[in-house]
Every structure is written in C-alpha cells, then in structure tokens.
C-alpha cells in the first residue's frame, strides 16, 4: 500500500515532448526497485540496437544529435569559405603558397585553387573532431543494422556521403600536408535532410500524431529545394576559384536566377567544371523536383477531400461552430450560411463542416468564393470518431448543429444516425451546446439532453393543421423565422409586393422591460394596455413575456397580467430596439421643451414609419395621445367622449391600464362543455353527440406535450373509424351519409406516422368551439397500425380510408367535393430520386390535376425542395407569373434569403417545404426562445396562462373600423386579443399577354352576368342562406365560391365592367383578332365542363350522389399574401383574415361570471353574429 500511495502521477501532455528529449525522471525513487525484462535482448548488440534504433525516445535523441552535427559541419564550411582568401596564396599544409590569376583568353585550367584551400588550425581541429564522431556513429549504425548483406550497407548513398566527408579529415590527422585539401563538406546538407526526415517520423510515431503526411511532404520538398540551392551555391563558388573567384552571395544569386528560369546572364560560370556542375544540378532538379511536387499535389488533393484540420491555435483565439450532417447539399449549406451570418455579431465566427462524404462539385464551387472560403472549413470525417471531433476542435466550439438527412428513404434510420452523432458529441465535448434536428417525434426523447431540439414532423403537421383554420400559417411562421431587412420587393411597381416585402422583414425580438424604451413606461400596467400603446406609438407588436422567476414564455397572458421591470418582453418588429434610432416629430420636440400647450397633435393617424437600412431603424415617434379630429374626418382612438352618432363613426372603448372584469366578456370556451350542443341541430334525423374536454388518454410516442382537447365520452371502435366501409355500429359508406355540418379536412399521407397525431391535436384543442370542428379524413396509402388507431379513436369526427391522392376514385370516396381543405403531405418513398429536384415531380403533377378538377378547393402541398414551388398551379403563358419569376431572380441576385416569397402559391400559403423551417434551428443560436415561441404558436406546447394562435375574418359590416390600428384597439379593449398580421386576398386577372386584358375583361363580364343568374349554393349542394358565412378562423379568403365571397366576386365584376367600358366598341365592330383572343377563355370554360363531366361520371360509377358536386369557379382571379405587423394606418379590406393571439381562457376561469354564458363574438359590428353555414342533408 505504501508503494501505491507514493506513486507519482504522469506528467500532463504538454510535457511529453520534453520527456522525449530529456527522459522522464519523475519515477526515479530510492524506494522503488527497477525490474528489467529481457526478451532475447541481453546481448550487447541487442541492447545497443534497442537504444539506437528500436526505442522511440532514445532513437529520436540520437537522430536529433546527428542532425545537429550535420548542420554544424555545413556551418563550419561556410566559416572556412569566408575566412579563405585565394589572393594570399594557395598550396598544401606547410608548402610554399603561390598566387594564381585567371586568364580568360587561355583554355587551360589551373587546378590548384580547386584542390587546395586555406584552413585555419582551430577550424581544422573542430572539423576533425566532428568528422570522427560522425564516422564512429555511422560505423556503429552499419553494424547494428547489418542483416547479412554488407554490400547493401556499403553502397547506400548516405554511407558513401559519410565516407567522403569524414574519412579525409581522419587521414589528415596522420598526414599533415593534406590538411588544406578541399573536402566537399557542404554535401552534408543532404545527410542533414535525411536525418531530419527520420527524426520527424520518429517524433510523429512517438506522440501518436496523425494526419502528418502533408507536413512531411512539404518539409521534404522544402529541404530538397534548400539542399539543391546550397549545393549549387557552394559548388559553383568553389569551382569558380579557378575562374572569376565568385563569393558566396554572388553564387547564391546565380543559383536562384538559374533555378527560377529567369537567367539574367550578368553572372555566368567561366570554366567548364563549373558549367558541368550547373548542367548536373539542373538535371537533378528536373528529375527530383517534379517527383516531389507530384507527391505533394496528390497529398494536397487527398487532404482537400478530407478537409485537413481546424488548428488548435485558431480554436483558442477565434470562435467557431460545427455543423454535422450526413450529406451536404448546396441548398442546405446556403440556407445555413445565409441565416447564420445574417446576424451582425456572428460575422467573426468560423463554420466547420464535419461530413462523412466527399465534397460535391457545387459545394466546392461555393466554398471557393472569397465570401465563404475565409470563414467555412470543410472536414471529411465522422462525428462518431474522436479523431475527427478533435480535428474539428469540438471541445472548443461555441455550438454544434446536428442535422438529419431528410432525403433518406428510411427516415427512422436517419434519426438513428443523428442520435448516435448527438451521443458521440456529448461524450466528447459535454460542455458544447447541442442543436439537434430530429425527423420523427418518437425519437425525440433520445436527444432530450440537447440544448435545443426541433422535430420536423411535429412542426410540419401542426403547421399544416393550422393552415386549415388559420390560412397561410406556414407562410406566417416561415417569414417570422427567416432573417430579413424588409427590403424585398421595394423596387417593384406592384403595391402589394412592396407592402408584402416590407412586412416580411418583421421578426421576433426580446428585451428586458426595465431597459426598454418601447415598454418601460408601461411598468405596472396591464399587458394588453402595453401592447396596444406600444403598437400605436412605436409600431411594435408585443406578443408575450417571461417572468424572471419562471422559465416559461407566455403569449398574450391577458389584461390581468401586470408588467414588471424584470419581465422579458417578446415583440415583433422590423429590427430590435437596440438597433433603432428614435426620431421625434416636431410637435414632440416642442412638447418636450415646453413650447407647446397640451400634449395634443393634429393630423393623420399615428403611422408606423420605419426605415430599415443596414440593420438600423428610424422610428417616427408621435404623441401617444390624440386630439380632436379636423373636418369631421378624423377619428378618436383613445378616450372617446361620446358614442358615434350621425355622420361620425362609432367610437371604440379605450384600453384600460388595469383589467376590469366586467369589461371583458368571458369566452364561451370556459362555459359548460355542452353549451355548444345546446342549439338544436337542423338535421333532426341525426343524434347529437356530447363531447368532453380532457387530455388524450393514449399518446402515440414519448415526449408529446399534453393538450386539453375535445374528446369522445367513449372511445370509438376501430371499425367505426373507417370512412368508406360500414360496420355493425353504422352503415355509412360515404362522407355525405354522415351528415357533417362543417366541411371536411382531408389529409393525404403515405403512412399513419406518429407525426400525424400532431395534425389532429391542434384541430381538436379545447379552445376551438365545437361548432367549428371540421371532420378530419386521413387518406392513407397504407393501412394504419393498431397503435395509431388507439391514439386517434378518442377524438371526435376523425376517420381514415385507404387510397392514394393520384386516384380520382379515392378522392371522391373520401368526400373531396365536401371538403374545404386538402393537405398533401410529401411521401417518404418519393423524397429520394436520381435527380434531387425530381423528388417532387409526382406530387406536383397530382396536385395540378386536383387543382384542375376541383378549382375551388384549398390545397396545401408539402414539397421536398422549396425551389419547386414555382411549378405549383403552373401557367406556362401567363405574363404575370413570368414577371414574378424575374422578380425572384432579381431578389436572389441582391442577396435575399427570401427570394421565393413572391411566388403566389407560397404567398397564399398553399405550398410549404419543411426545409424552410431549418432556419428555426439556426436562429435559435442567437434567439434561444424562437423554438419555444414557434411551438406555442403552432399549439405543440401548452403553457398555463399562455395564449394561442387563431384567426378572424373581416366582413363588410366590420369596415367601420377602417384601419388596422383601430382594429388593434377594438380587440384589446373588448376581448384582450393581440393581432399580429393580416391575410389579404385581392382580385387579379392573369393574362397570357398584356394586350389581352381588354378581351379577357369582356369575357369575364359575360361569364359574370351568367353567374349572377345562377343560384348561390352552399357547400353541400343546397341553397345557402343569405348573410351566411363565418367570421371566425376559416380559410375562406382564398376561395372564390360566390356563396362565400359575394363581395369579392362583385368587386371583380365591377372592375371587369369598368375595363370593358373603357375600351368598348359596338358589338358589330369586334375584330376577328379580338374574337381570337377571347377563344382561349372560352376554350377553358369548355375544358372545365369536360372535367366536371368526368367527375360526375366517376361519381355515378362509384354509386355516389352527384348532387353535391357543383361546377366550381376557378381561383385564378385572386392572389393572397400575408402582412406581418402592418402599420396602424393600414386600411382594412373585405375578406381580410386577421391573425390573433388570444389569451388562455383557463387562466380566467375563476374570475368568469356565470351570467356571461354567451361568448363574445368576433363580429366587430353591433349586429347579431351569424353562425356557420349548415345544410340539412
């Protein structure tokens, strides 16, 4: 035990090289007994061999000594040359010295200056000692390495050079006249080169260093060049002693000029021996150097494939992040680099890419651009190998991003690889923050230890679900998680493109309330009050906060939440407050100086005038208080003194600083669960099913967040979940037989994965009234398993059927003609193709077919590649689409990260790619709250007290509000809701040529007059009630059904009639060319009739009733887009859909009064709200 206690620990690694040179003395102790073990090494020769050759440390010391000895001999030769002066006489030791002069006209060479040199006695002694040591060492090594062939040892180049440079010095000891004999000691430079190579090899072997081949080859090449120049310099200088007697500097100059192929000709060798030496040296250089360069280039190419190393010195002085991927595609790389370097404080960071595959041509071309070549380092290696993690300096990294390969056919296997990479990185560098992307939700709990995790299928299905009730949610979230300055489309002549591009620059930022100029003045006031006034005064939209003592983020905690200075506020704005410059209006300056009277201003409404340039925003600050309007055209947005009467618009109640329970109507979601069922059904033949609110009893995977949902009192049998087949419980075999009151939501997917569960939960959340629950039909290529059915059987009105989206019969059987939304999910089996961008080909063509067959159906499509969204609803000859294509290219050339945003399908929220959400993970490096806020908006997480995302529709009766700022006040004062944006739909005519607008407008008028004579029918084929239409959270903005958009259709017809009257001619004078221009529109009408007849025939063949299928209008006359946090003076338009963050109803249940059983309607006018269209079947 005493021996163990006194054991000395080994030295740290930084002393290892010193130990190699000096030996480790730390284990020498008097109390320790040294035991030597011999394995046929007890002879003297074996012991010497062990010391000089086999032992790494001793062999390294011997080679270092030999290398120093050779360098010393070369240095002594230079000293001898500098001390030698041929003008003082030349001769042997002790002989008479003679002076020789060079005669250029004579061809005879005097060999005496070449054979004899002047060597001082001291110098001779030193050279003799060094030569003797070198000779003895060489003979000893020859003896130890002898293996039976003595001639092989003798004729080695190194042995021959050793004999030439050492043996003559030993002979001069015994024969003194030869002491001045010339000996080519400068050839020892080649022996020094050989010793250096062996020493480096032993050094790398001793310290177990890898990836040293490149260093060795560069060292060998450099030493070869140095030896050639040194040999040529010394050889020419000595031979020219019989010529012009050049000095060392002139000889060095001549060698450099000659070897560099410049050849000035001012210095030339005068005698044939020196000329012969030059020829020999050039030949040697032509043979040796190309071989060396070839080996170096080969190693360089191999190193380029593997990527080399990220130096330890750079890792300690610079900051870097590591990106681990299975395969690196150019789209993934550019998305990461553009989003990562979009933040100013990350400009000095390096990005180290660790990928097991070789860099492809496109990635290599991009990384050679100077913008990226200095900041991006590509390493070929695996995250499962510690050597590769060491090359990437993972332990010094600021963060590690681990991304899954979504193009793999087996996505589960891709997740398994990601999990192993995350485990390996956590084991190697436990302090490095991890940002992990997982594809399937059931694998998420394996990487729960990571700092930030984004599950692709969770976000995808939740976003697609919200797209059905809040249109274009996918576009809204995508724009929020992309970094932009809002400069896109500002040079476009289209007003909607300028406004849409401007509002797309809004992002989510955070600031401590006590440090904020935006919110500091609202300390001690309600959250709703602060949100409204901050938006009115600064144009920022306060959406949530986080308490100092609580890690949970709360979206719109409601008016009862009082702000504190320690709260962290989250807001939407063009840029963060720290990058904002505040420019006060003249009235504000006068008010601050006391020159103005009351704090009143006259003029227009407060305008959110921001100028985003180079990351800085200039805020136009106006007074927060409003004075009386002039001319009767103004409006009071705060503290109205009287209700609107006569010609004045109705006033809006002020937003209170502190919550007033009597002023806030409790929501119907808090009332009795059976309240929604209290209204008698119009269909007397169908029984009313009572729903309950609770948590789903069966979660399909570990890690799903519990969400309070509408549930069935008793689980439905699995046989009842099949839509197209009857069972012993019911005999319904088609969607119409069920008698659904609301339109269907159809989801087309390949398999019923666990992620599909997250599509159902947001649509069955407790805060959605029962009247607004849409039936969900899952159209699956493969039959769902028992576990999935067990998870969904508790939800009301959720069905499935087997079929494919490319089969018209399957679409008709699942009730597509009764559907309001169709969601087409990208299939895993088509994500990989021989040509990457062809993975979406089948999906795009199928969706285009459905768009032609069912033009009024809102179809949301998921694509693998965002660049393919330009093929959605493709119009080959449409000039407007071509103009948008040019705009996209121009924005991409300007460096925009959102060049695809102006594509109409994306702007309208009808196409989505999960790769567009990759930036969510990248942005969380700077904004660690973005993942939490996104999950709250999508309904994936439910935090007590946090609000949720919903939508409301602006009808014609609501236009008295006029502006978005007044709408903000109305919502904050009445229902404590925070609007964050607008989904706007506008009329637009798409033409094949610009001059065709007149002819198309005439055709549109003719068609419109025909449509005016037709009956407006509801979704189920029956006559719709006048005034019907929901004002709450339905995707009706993009539909062109006359029953749902009467005002939109009326405006379109009025616009068309104006266009036709502007250039109208007498009917008899219409030219043949104009009739030819009208023919394509008429041809399209006949084509629609043919498609309609095809659908009807298939329905008759399947035995389905055809009464529900109407000839639907085409959607090609509208365009839709999203405005995030628009300015307060933005005019509201009919059919605008406003995105709202509604406060959590459960947070106020205790204070809700039972007298307020009727919920507050989102109808902003005083008229009674109309319910959703319901038709008796």
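Any Cβ shown, glycine's included, is placed from N, Cα and C.
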Annotated stretch (transmembrane segment, per TrEMBL) among the listed ranges 180-198, 199-217, 218-236, 294-312:
218-236
Of the residues in the domain 'RCK N-terminal' (318-454), how many are helix, strand and coil by DSSP?
59 helix, 28 strand, 50 coil
If we skip the immediate neighbours and take only residues 6+ beyond the ends of the transmembrane segment (271-293), which ones have a Cβ under 8 Å from one of its Cβ atoms?
109, 114, 217, 220-221, 224-225, 228, 231-232, 235-236, 239-240, 242-243, 255, 258-259
Based on DSSP, tally up the residues of the domain 'RCK N-terminal' (742-882) by helix, strand and coil.
60 helix, 29 strand, 52 coil
Using a Cβ cut-off under 8 Å, which residues of the same chain at least 6 positions beyond either end of the transmembrane segment (248-265) come close to it?
78, 81-82, 228-229, 232-234, 236-237, 240, 278, 281-282, 285
